[in-house]
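> Just dropping this structure here.
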Amino acid sequence: MDIEEGGLTVSVPEARDGASEGTGGGVFFNPTQELNRDVTVAVLRAYRDREPRASSYLDAMAASGIRGVRAAAEGYDTTCADVDPDAVELAAENLAANDLDGETVHRDVNALLYENVFDVVDLDPYGTPIPFADAALANARNLVCVTATDTAPLCGAHLNSGIRKYGAVPRNTDYHPEMGLRTLISALVRTAARYDKAARPIVSHVSRHYARTYLELESGAQVADDCIDELGYIDNCEDCLWRDPTHGLIADPVDTCPVCGSDRVLTAGPLWLGPVADPDFARAVRERVTDDMGEAKRARKLLGTVARELDTPTHYDQHRLYKAWGEPAIGMDEFVDRLRGAGYEASRAHYRGTAVKSTASIPEMRDAILGNEGDADGDAD
């Protein structure tokens with residue numbers, strides 16, 4: 001069957017009975033990842049302005065070839081690789097059907113990457129990208145784009161699996177989407193550092209059961225060390241929601257929460273504690289979203305939020321805070337405005353509609369929010 005995406009027409013598998021369109025047996029196509037692909041195209045457009053020499057693109061798990069086709073339409077010298085010969089054939093047909101140049105290769109991507117160098121490598125596997133991370137980060141020149149769909153291990157819901165795959169201890173906290181993203185980036189940064197490379201996230205997001213990050217590479221032991229310095233641990237109180245990030249690779253967990261005295265404190269790490277995006281680049285990516293994209297509205301909203309988001313290592317769930325405070329919640333925009341009015345930095349966060357970031361501690365937030373409510377009640381009298 002044929003589908004249209006980003007102004008292009010590609011053939012995808014027929015749907016099985018009861019399955020979503022295009023998700024039939026054999027070659028896989030995921031229609032729910034259109035937002036992911038739209039943002040990827042916008043990133044490729046913006047990155048060409050940032051690094052004009054970046055010209056070659058590897059779609060490392062091509063399947064139908066939709067990512068490679070869209071990259072080729074942007075003028076990238078595209079290679080589509082897959083271990084499934086049917087996928088390679090379908091990707092070639094889709095390139096030809098759109099009058100686009102590109103190479104299709106029946107190869108294991110790890111072997112391919114140790115024989116060829118690409119400016120941009122896109123890893124979009126089913127599940128964890130870790131089996132492909134070494135080859136990609138060691139051999140890409142400029143940019144590695146990574147999707148992870150195994151969100152339960154990443155966020156700590158499947159703790160042992162997360163430890164095995166990512167070499168970190170993720171914890172299932174009230175900010176679990178961000179926990180997963182920072183666990184993923186930590187593993188990728190540590191992998192790149194083994195090859196004396198810095199891997200810095202310039203755009204990242206968590207959407208619909210997957211995490212996605214775009215890592216810009218720079219060679220050199222010193223810059224790799226600088227990235228390692230952005231790793232650390234976070235102590236989290238399960239009762240009052242206190243959390244404390246600490247940079248460094250040696251954990252020093254606390255026994256009790258310094259705010260409420262609870263001994264239910266979880267320590268997570270090593271996590272990436274640095275920014276997950278470059279705000280200027282995120283804004284540039286947003287500007288390169290075009291109306292022919294099926295998820296243009298969502299992409300612009302997402303990227304706008306990412307660009308404005310504070311780079312503090314964790315977000316708070318406003319509903320969870322109000323539950324702890326025993327008060328009815330106010331609107332999110334008013335919540336953020338009250339924090340800013342009290343002198344704290346604050347922003348919404350893209351992870352969910354009730355996600356907020358602030359430089360205020362939880363007691364400071366409570367005073368800023370509920371104190372204002374008390375003042376408002378007094379004025380009304």
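Every residue gets a Cβ built from N, Cα and C, even glycine.
Keep in mind it's a predicted model, so treat the numbers as computed, not measured.
For reference, Swiss-Prot lists these features for the protein:
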- 1-369: domain 'Trm1 methyltransferase' (DOMAIN)
- 1-30: region 'Disordered' (REGION)
- Arg37, Arg67, Asp82, Asp108: S-adenosyl-L-methionine binding site (BINDING)
- Cys237, Cys240, Cys257, Cys260: Zn(2+) binding site (BINDING)
> Could you say whether, by DSSP, Cys237 (Zn(2+) binding site) belongs to a helix, a strand or a coil region?
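Strand, per DSSP.
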> In whole Å, note down how far the CA of Arg37 (S-adenosyl-L-methionine binding site) lies from the CA of Cys237 (Zn(2+) binding site).
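With distance taken Cα to Cα, Arg37 (S-adenosyl-L-methionine binding site) is 37 Å from Cys237 (Zn(2+) binding site).
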> Spatially speaking, which of the binding-site residues Arg37, Arg67, Asp82, Asp108 is closest to Cys240 (Zn(2+) binding site)? Use C-alpha to C-alpha, please.
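The answer is Arg37.
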> When you measure from the Cβ of Cys260 (Zn(2+) binding site), how many other Cβ atoms are you left with inside 10 Å?
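Its Cβ shell of radius 10 Å holds 14 other Cβ atoms.
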> What three-state class does DSSP give Cys257 (Zn(2+) binding site)?
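In the DSSP reduction, Cys257 (Zn(2+) binding site) maps to coil.
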> Which chain-mates of Arg37 (S-adenosyl-L-methionine binding site) that are at least 6 residues away have a CB under 8 A from its CB, listed by sequence?
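In sequence order, the residues whose Cβ lies under 8 Å from that of Arg37 (S-adenosyl-L-methionine binding site) (at least 6 apart) are Glu5, Gly6, Ile66, Arg67, Arg70.
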> Might you list, by sequence position, any residue in that chain lying six or more from Asp108 (S-adenosyl-L-methionine binding site) with a Cβ less than 8 Å away from its Cβ?
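Same-chain residues close to Asp108 (S-adenosyl-L-methionine binding site) (Cβ under 8 Å, separated by 6 or more) are Val83.
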